[in-house]
Amino acid sequence: MTQHSSAQNAVDLYTDGACSGNPGPGGWGVVLRYGHHEREMYGGETATTNNKMELTAVIEGLAALTRPVPLVRIHTDSTYVLKGITEWMRGWKRNGWLTSAKQPVKNADLWRRLDQECGRHGEITWEWVKGHAGHPENERADKLACKGRDEAKKS
């Protein structure tokens, strides 16, 4: 497969989470891009944390892909998500979902779901994006996450 054709089969997910208070009402947002097609998604919960919403954004973005994709590029401003998936998860799985300090992994249910969603696709790349720094898609994902949070506050 050529580099050009693999790029055409790639999906970009721009994700963000937002929370008022920690814990408190929170929301997640995703901008999904496949070629020239875009989709925006968001949701929220009445009592959650910022880390749960950051994880949920990635999970929901991947879950929205109804077929396996050869290349998914995930753009997140969450170092928690980025380090969790690229540095910590292998050890957590090896240790039965315990940290190196033998404590249960926080948000293990979401990490397991993320691991499962990642397994449905080919290559997944992770890119950290500085939050609130004018990155257009990250700003859109942030607005969606805030919308989800605001709607959760009202319910």
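Backbone N, Cα and C atoms are what each Cβ position is placed from, and that goes for glycine too.
Some features that Swiss-Prot has for this protein:
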- D16, E54, D77: Mg(2+) 1 binding site (BINDING)
- D16, D142: Mg(2+) 2 binding site (BINDING)
- 7-150: domain 'RNase H type-1' (DOMAIN)
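Features as recorded by Swiss-Prot, highlighted on the structure.
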| residue | record | DSSP (3 states) |
| --- | --- | --- |
| D16 | Mg(2+) 1 binding site | strand |
| E54 | Mg(2+) 1 binding site | helix |
| D77 | Mg(2+) 1 binding site | coil |
| D142 | Mg(2+) 2 binding site | helix |
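For the binding-site residues D16, E54, D77, D142, the ranking by surrounding Cβ atoms (within 10 Å, all protein chains) places D16 first. Across the fold, the C-alpha of D142 (Mg(2+) 2 binding site) and the C-alpha of D77 (Mg(2+) 1 binding site) stand 10 Å from each other.
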